Amino acid sequence: MNNLVVNQTVLPDISKPKWDQGTYAGRAKHFFSSTNPLTLFSSRIQQEKCKEIVTNYKTGVISPTLTVDELWKAKTLYDSTYHPDTGEKMFFLGRMSAQMPGNMVTTGMLLGLYRTLPGVVFSHWFNQSFNAVVNYTNRSGNSKATNERLFVSYCCATSGAMTVALGLNKMVKNSHGLAARLVPFAAIALANAINIPMMRSNEASEGMELKDENDQLVGKSQKMAALSIAQVTLSRIAMAMPYMVMTPIIMNRITRTAYYRTRPWMQKYSEIPIQTLIAGIGLYFTTPLCCALFPQKSSVEVEKLESSVQKEIMSRPNPPKIVYYNKGL
């Protein structure tokens, strides 16, 4: 009975994550929860029930039988299913919980179809198309990233990845070992370096929104926008590095074993399934662990901002000494 929400001296604050976001461990726990692919299998009834619980709780309507654990479970499913700004149900392939299975499939294709021109073109087109769905689904409700900008970013990232993949393939065409297998990672790293800055070019030019402790807008900073874009790009590349580097290394070792070499059917049919499985195991850990590298809501002292931004903030009544910004994912 003590676990009932109505019996709590201090009610749980579901406007913030359950775990302390000031520590890496707390952020990792939060992202392990929010990227859990099992939430994709929840029914429409379960999703609507969780939405009702969360919506009612925010307005002060609390069921007398609702437990703290049930509240947090409802919040987890609600956050993974509904857009945080619009409240609309997100397309299931674009949800963060679809990152592991979605990237698992695309990685298997990237690592298994790297030898031929059609394979390279199709796998990188498929991968960037999946990324575009994720970016579009998770765009901010107040985002100024237009459909045109999303499309241009998608085209540039896709063409960049294909160009690098085909160029490096030509350089290592006489190599059938590890060097050729690592080409997809180099292509993906460049695609992220193109896609993310282009997607957020509006923030880079106009500045990232800065808010005080009361969530009131107090200014915009190009410096923090550049830092945030760099952090997100780094975390995306770091997310891909373990499974896109280790998977080829493991597969390269497997192909050299006598067991593999003496079984032609394995050489013909098993490479993509094996690499997909290995990548999936890696993705289960790298997705939340790399999303947690940097705090999503970060703070900065006003005196460390650009001089023009400092003047703007200090001209306000009771100006804050510390401001906050959302770096994004």
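All positions are counted from 1 along the displayed chain.
Glycine is treated like the rest: Cβ placed from N, Cα and C.
As recorded in Swiss-Prot:
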- 100-122: transmembrane segment (TRANSMEM)
- 150-167: transmembrane segment (TRANSMEM)
- 178-198: transmembrane segment (TRANSMEM)
- 232-254: transmembrane segment (TRANSMEM)
- 274-294: transmembrane segment (TRANSMEM)
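Only pairs six or more apart in sequence are counted, and the transmembrane segment (178-198) with the transmembrane segment (274-294) gives fewer than three Cβ pairs under 8 Å, not enough to call it a contact. Residues 24, 27-28, 30-32, 34-35, 99-101, 103-105, 107-108, 111-112, 231, 234-236, 238-244, 246-248, 250-251, 254, 327, 329 of the same chain sit 6 or more residues outside the transmembrane segment (274-294) yet have a Cβ under 8 Å from a Cβ within it.
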